[in-house]
Structures are given as C-alpha cells and as structure tokens.
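One structure below.
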Amino acid sequence: MGETATLVLLRHGESEWNSLNLFTGWVDVGLTDKGRAEAVRSGELLAEQGLLPDVLYTSLLRRAITTAHLALDAADRLWIPVRRSWRLNERHYGALQGLDKAETKARYGEEQFMAWRRSYDTPPPPIERGSTYSQDADPRYADIGGGPLTECLADVVVRFLPYFTDVIVPDLRSGKTVLIVAHGNSLRALVKHLDQMSDDDVVGLNIPTGIPLRYDLDARLRPLVPGGTYLDPEAAAAGAAAVASQGGG
C-alpha cells in the first residue's frame with residue numbers, strides 16, 4: 001500500500017423489520033422502498049466524491065447484498081469482485097429475533113432490555129432450534145452447524161476481526177479501495193477495532209442506515225481521522241439518532 005489505505009463502510013438501507021421496529025439479527029428480511037432509495041443514494045455519493053471501490057465485502061443476508069448491488073449499480077461498479085461471508089452478518093439476537101422492541105422493553109423492563117440490546121458482553125436468551133426465526137436448517141450455514149443461537153457484540157468481534165485481518169487487510173495493503181456493506185453491529189465491531197474504542201465507549205456507537213463512512217488509514221491501519229468521515233454528515237447524525245431511539249439491529 002502507499003502512505004494511506006481507503007476503507008468505506010456502509011450499513012444496509014432500511015429493512016422491512018427496521019421499519020417495524022423488530023429485532024432482526026440473522027432473519028433474512030428485505031429492504032423497504034426507503035431502504036432501496038438509501039442504497040441507490042449511497043452509490044451516488046460514492047460516485048460524486050470519486051470514491052470508487054475496487055472490491056466489495058458483504059454478508060450472507062439479502063438486506064446487505066441488495067444494498068451492495070444497488071449501490072454498486074449507482075456508482076457504475078457492478079463489475080468489481082464481490083466476496084460474501086457469514087462473518088459479516090448482523091449480530092444474532094437469539095430468542096429476541098422477531099420480537100417488537102417496544103413490547104420487549106415493556107415486558108422485561110428498561111434495565112434488562114438495554115443489557116440485551118446495547119451491552120458489550122450480555123447476550124440475549126438463545127433461540128430454540130427449529131423455531132420460526134432460527135437458522136439451524138438454513139443451507140447457508142450448514143458448514144457452521146446452523147450458526148450461533150445468540151450473540152453479544154463481543155461475540156461479533158471474535159468472529160469478524162480474524163476475517164478482517166486475514167482476508168480484507170491484504171486488499172487494503174495492496175492499495176485497493178475496499179467497500180464493506182454489512183450491518184449495524186458487525187460494523188460497530190469493526191469501528192471499535194479501528195478506533196480502539198473501549199468496551200464501554202462502543203455501547204453508545206450507532207451506525208445509520210445507507211450512508212457511506214470513509215476511513216483513510218495509515219500504514220498501521222489506524223484512522224487518520226478518528227471515527228472516519230460520513231459522506232453525508234447531516235443525514236448521518238439524524239440517522240444515528242434514529243437508530244439510538246429504536247435500538248438498531
């Protein structure tokens with residue numbers, strides 16, 4: 001790599017369950033019309049600022065895959081290599097998947113709700129195998145035994161960072177502009193690593209949907225601008241506030 005490397009992070013556009021305020025996790029829901037528009041706009045922002053990715057990384061979930069496709073189309077970069085991995089998936093919300101966030105908060109109380117939703121190392125109760133929103137029979141995850149039954153953010157860090165270091169970093173060091181289209185919590189895990197955030201500080205980090213976040217990294221892959229730079233700062237601030245109010249996921 002030269003003196004700097006460029007990494008762009010993008011959370012998928014608004015999903016159907018974001019709109020309904022449901023815990024989503026590994027449940028494979030699509031984008032809303034608003035989410036599709038956010039994805040297109042994110043690609044337009046990349047093109048307008050000359051920030052053209054050479055390679056794309058995304059998860060195995062359609063809301064991220066669709067966002068990536070729409071963004072690359074808008075940026076005229078559909079032809080670049082695409083690499084998908086379950087390690088970029090959203091945090092698995094266990095037995096909370098499919099539940100209404102407001103109803104869950106009312107049932108279990110503010111303290112327990114916040115511990116499950118935002119703490120670094122407290123996972124929700126595990127999902128029951130074979131239940132409606134479990135993934136144990138999903139062929140995407142056959143080689144990992146159906147995937148986790150629940151996760152906290154610390155678990156996402158453990159599964160994502162080795163992939164980042166072993167697979168994505170070589171592309172950065174070779175001089176490629178890398179675009180990662182993923183999810184609120186998988187991106188929070190990566191931002192925690194990039195910005196060397198404490199376990200306590202990352203609790204308050206919210207990633208808005210559909211707005212590219214640019215990181216220029218030095219030779220040690222440390223950000224030249226801590227926290228990176230959103231390509232639409234005003235929309236990002238409003239979006240992060242909206243995520244904080246509903247819990248993300």
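Numbers run from 1 along the shown chain.
Heads up, the Cβ atoms here are built off N, Cα and C, so glycines get one too.
Now, the feature entries from Swiss-Prot:
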BINDING   11-18, 24-25, R63, 90-93, K101, 117-118, 184-185  substrate binding site
ACT_SITE  H12  active site, tele-phosphohistidine intermediate
ACT_SITE  E90  active site, proton donor/acceptor
REGION    119-138  region 'Disordered'
SITE      H183  site 'Transition state stabilizer'
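Residue with the densest Cβ environment among the recorded positions H12, K101: H12, by other Cβ atoms within 10 Å. Helix first, then strand, then coil: DSSP counts for the region 'Disordered' (119-138) stand at 0 helix, 0 strand, 20 coil. Candidate recorded positions: E14, E90. Fewest other C-beta atoms within 10 angstroms, E14.
The shortest Cα-Cα distance between H12 (active site, tele-phosphohistidine intermediate) and any of the recorded positions G25, K101, H183 is the one to H183. Non-local contacts of R11 (substrate binding site) by the CB criterion (under 8 A, 6+ apart in sequence, same chain) comprise V181, A182, H183, G184, L187, I207, P208, T209, G210, I211. Cα-Cα distance from K101 (substrate binding site) to E90 (active site, proton donor/acceptor): 16 Å (rounded to the nearest whole number).
The CA atom of the residue listed as 'active site, proton donor/acceptor' is located 5 Å away from the CA atom of G25 (substrate binding site).
Using a 10 Å radius centred on the Cβ of R91 (substrate binding site) and all shown protein chains, the other Cβ atoms total 29.
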